[in-house]
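Take a look at the structure set out below.
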Amino acid sequence: FLSPLVADAEMPGTADPELAATMGFSGFGKKARTFDLEAMFEQTRRTAVERSRKVLEAREREKEDQTEKEFKIPVSASSATGPGSTLTEREAVCSESEDDSNEALSGPSVQSQSSAKGPAEDTDDDDDDDDEEFIGPPLPPGFKDSDEDNDDDTEEEDNNPVKKIPDSHEITLQHGTKTVSALGLDPSGARLITGGYDYDVKFWDFAGMDASLQAFRSLQPCECHQIKSLQYSSTGDVILVVSGNSQAKVLDRDGFPVMECIKGDQYIVDMTNTKGHTAMLNSGCWHPKIKEEFLTCSNDGTVRTWDVNNEKKHKSVFKPRSVQGKRVIPTTCTYSRDGKLIAAGCQDGSIQIWDRNMTVHTKFHCRQAHASGTDTSCLTFSYDGTVLASRGGDDTLKIWDIRQFKKPLNSADGLPSFFPMTDCCFSPDDKILVTGTSVKKGGGSGKLFFFYRETFQKLYEIEVTDASVVRCLWHPKLNQIMVGTGNGLAKVYYDPVKSQRGAKLCVVKTKRKERQAETLTQDYIITPHALPMFREPRQRSTRKQLEKDRLDPMKSHKPEPPVAGAGRGGRVGTHGVTLSSYIVKNIALDKTDDSNPREAILRHAKEAEENPYWVAPAYAKTQPKTVFAEVEPEDDETDKPEWKKRKI
């Protein structure tokens, strides 16, 4: 459509004397057409209304005729209710279409849909004017609404929380051969990081992996120190790495270093006056709200908060104390869900909680939460922020109400834990608590236990592998469970229906074939400023180069297979590494009989005399002619003298 200015503008169709005098012609042609957009819209609207009215009338007549034939309803009775209501609805439709010109009628009429019901339902609908109107064709008999099915399934899942556990499928990621002691997932669930006792940190991208399940990056950020903890920040752009040394590191998403905490002075007694930790780290985590702040705890008896932008000094220091006021080592630490509280589990069995802004005195504490002398391996807050779960080194799992912190709400025992970082976590709906168990080598399978939060009843268990289950993580967005084991595996449990993305992205991709051209062809060195005599010919294509190499007998020479048997061509057989061992092993295989040395020496004499090859041709020119004494033939022994008959 043309705009009003363009539509109403008049092209110079009449003769213009100035234009004729200047350019040599009198005008540009005929006058342009003008368009009235409002009139066009009004005409279209009226046509649509008229067409809709005719369609409605035709459908109503057909339905009335069909109803009279099927149910034999008297015309008077049908005309008493049908036409009146039809007229009213038709008028309403027409008036509505005239009021709103942008809406066009589509689909079957309300009357036609209602008339598709039975006669009893028709009378009920006529009596009750407030019934809801159905849109679309009538539903088939015996049809059950899918929303009702979903509601039934939801109610069934609420009644049975076991059905919420996504464990129908699993994938196994091979981290290494040693314990996977750290797991981390970014908030979106796109990347997984694993760390272990082999000092390696591996990056796994679910969207980029195929069915081969290979990590796209592996590095050792802390050299020869075991990885204790890995966690993405709340925004997912940086990673906190806590290892066995005294300095925590922060990496970006691709594994490049961002900052490293400073090491404190070991000769200062008061840990408050040091700038950083002076002993091995035990745990660490990010602040849930402030993306630049993180928390670490160490064997120097302190819990410290840090700022990513200031690596020279900590922000604040919290010092756990025993009943006697002595220093005690924190083995794990965490923030509350709102970030206002800091909790630490200590070696004396206590759990101490501070206000983030008050570093001196604890806000809540329980002195005998777990057995003294054991390492509390994990503390985690529920999503509602009122309950704290603790995994103790005394083989127990407990949940606490921090408002009544003297006694646990529930407790479960008989859960062996051999690692100082055995995990526990809450399900996304806050109704299930998950933890893993440890086993000795050859002592059975490590299991993942699921407890109902309210009653602490054991709902379910998964046999993971024949090694300890160390780390577990239940991601709320993916609804998938990640597990780190003691034999170097990272397993991902998921359900194709209940889970989202994550492992579902990589299992559907086929393995990529390795291109042989990359392995056979040599790297091409580009020297743009080299002299012509030293310039290498430019490679046209790897495929063509591969075909040329195949025709070259030297480049495409098949390697000789290993020698089988006693050996040939100067090569020793496969059963002997060195020549001496080969000779020793083959002494017993020598079948020649050397009992008569004369026969052994003269064994090849006749062949050497008939076909001289080695010695005789070399001395042919200088060797004198051999002269042998002639021996008379012995005719008769009786004619010989007595002295000749004797044999000397």
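Here the Cβ of each residue, glycine as well, is placed from N, Cα and C on the backbone.
If you look up TrEMBL, you'll see 47-72 (among others) marked as compositional bias 'Basic and acidic residues'.
What TrEMBL lists as region 'Disordered' is 47-168 (among others).
The compositional bias 'Polar residues' feature in TrEMBL is assigned to 76-87.
Annotation comment: TrEMBL describes 121-134 (among others) as compositional bias 'Acidic residues'.
According to TrEMBL, the feature compositional bias 'Acidic residues' maps to 146-159 (among others).
Annotated repeat 'WD' per TrEMBL: 173-205 (among others), in sequence order. Non-local neighbours of the repeat 'WD' (173-205) in the same chain are 213, 215-232, 234-236, 239, 241-242, 253-255, 419, 421, 468, 470-473, 475, 477-478, 480, 482, 484-492, 500-502; each lies 6+ residues outside the stretch with a CB under 8 Å from one of its CB atoms.
According to TrEMBL, the feature repeat 'WD' maps to 274-316 (among others). Break the repeat 'WD' (274-316) down by DSSP state and the numbers are 0 helix, 19 strand, 24 coil.
For the repeat 'WD' (335-355), the residues of the chain that approach it from at least six positions outside its boundaries are 285-290, 295, 297, 303, 305, 318, 320, 322-323, 328-329, 361-379, 381-385, 388, 390, 392, 394, 400, 402, 405, judged by C-beta separation under 8 angstroms. Residues annotated as repeat 'WD' in TrEMBL: 335-355 (among others).
Under the heading repeat 'WD', TrEMBL lists 369-403 (among others). Same-chain residues lying 6+ beyond the ends of the repeat 'WD' (369-403) with a Cβ under 8 Å from its Cβ atoms: 331-338, 341, 343-351, 353, 409-417, 419-426, 428, 430, 433, 435, 451, 453, 456, 476.
Residues annotated as compositional bias 'Basic and acidic residues' in TrEMBL: 537-560 (among others).
Under the heading region 'Disordered', TrEMBL lists 537-571 (among others).
Positions annotated as region 'Disordered' by TrEMBL: 625-648 (among others).
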*Within the repeat 'WD' (369-403), how many residues are helix, strand or coil going by DSSP?*
0 helix, 14 strand, 21 coil
